[in-house]
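The 5-phospho-alpha-D-ribose 1-diphosphate binding site annotation in Swiss-Prot covers 41, 42, 93, 94, 95, 96, 97, 98, 99, 100, 101 and rests on sequence analysis. Summarising the annotation, Swiss-Prot assigns Mg(2+) binding site to 94. The xanthine binding site annotation in Swiss-Prot covers 97, 140, and the record cites sequence analysis as its basis. The GMP binding site feature in Swiss-Prot is assigned to 97, 98, 99, 100, 101, 139, 140. Residues annotated as guanine binding site in Swiss-Prot: 97, 140.
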């Protein structure tokens, strides 16, 4: 986690499931989607939940690498693209942060409906639908990036 982040926001599997289902609820009144494009890796779990809720069986991926295990990388690498302009497709990611990945994907698939579970202010204008806004200086701890362990109470953390 780089120095630009002042807070952390841990998300449990249960919360991610609830928030992904809430995103699916918001997408119900949109046009019919012929399939989902999950941005790997973060978009895969939300995409599976949304696919179930919207009864979508066709799922593809686009692979963009913009983070290493610790922090953002300098460039976004396209590891696997998508054929077509995205018309009729639902593009899913876990989070839009600075918008760098979103810009790359929107240029590749400009007609897809872009939805994320979480959005930060810098990237929010690039998505069509999202559920929860998180401050720009917050690092989100997704459940696939964490292990269960003791955490000090908030009051104890502030006194350090």
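Sequential numbering from 1, following the chain as shown.
Note that Cβ sites are derived from N, Cα and C of the backbone, with glycine treated the same way.
In this structure the residues listed as binding GMP are 97, 98, 99, 100, 101, 139, 140; their two most distant Cα atoms lie 17 Å apart. Of all residue pairs in 41, 42, 93, 94, 95, 96, 97, 98, 99, 100, 101, the annotated binders of 5-phospho-alpha-D-ribose 1-diphosphate, the farthest apart have Cα atoms separated by 17 Å.
A gap of 9 Å separates the Cα atoms of the residue listed as 'Mg(2+) binding site' and residue 41 (5-phospho-alpha-D-ribose 1-diphosphate binding site). The binding-site residues 93, 94, 97 differ in how many other CB atoms lie within 10 Å of their CB, and the one with the most is 93.
Residue 140 (xanthine binding site) sits 9 Å from residue 95 (5-phospho-alpha-D-ribose 1-diphosphate binding site), counting Cα to Cα. Annotated pair residue 99 (5-phospho-alpha-D-ribose 1-diphosphate binding site) and residue 139 (GMP binding site), C-alpha to C-alpha distance, rounded: 15 Å. Taking the Cβ of residue 100 (GMP binding site) as centre and 10 Å as the limit, one finds 19 other Cβ atoms among all the protein chains shown. In this structure, the binding-site residues 95, 140 were compared by how many other Cβ atoms lie within 10 Å of their Cβ, and the smallest count belongs to 140. Residue 95 (5-phospho-alpha-D-ribose 1-diphosphate binding site) sits 11 Å from residue 139 (GMP binding site), counting Cα to Cα. Of the listed binding-site residues 98, 101, the Cβ environment within 10 Å is emptiest of other Cβ atoms at 98. Looking at residue 100 (GMP binding site) and residue 93 (5-phospho-alpha-D-ribose 1-diphosphate binding site), their Cα atoms lie 13 Å from each other.
For the recorded site, residue 94 (Mg(2+) binding site), the DSSP three-state label reads strand.
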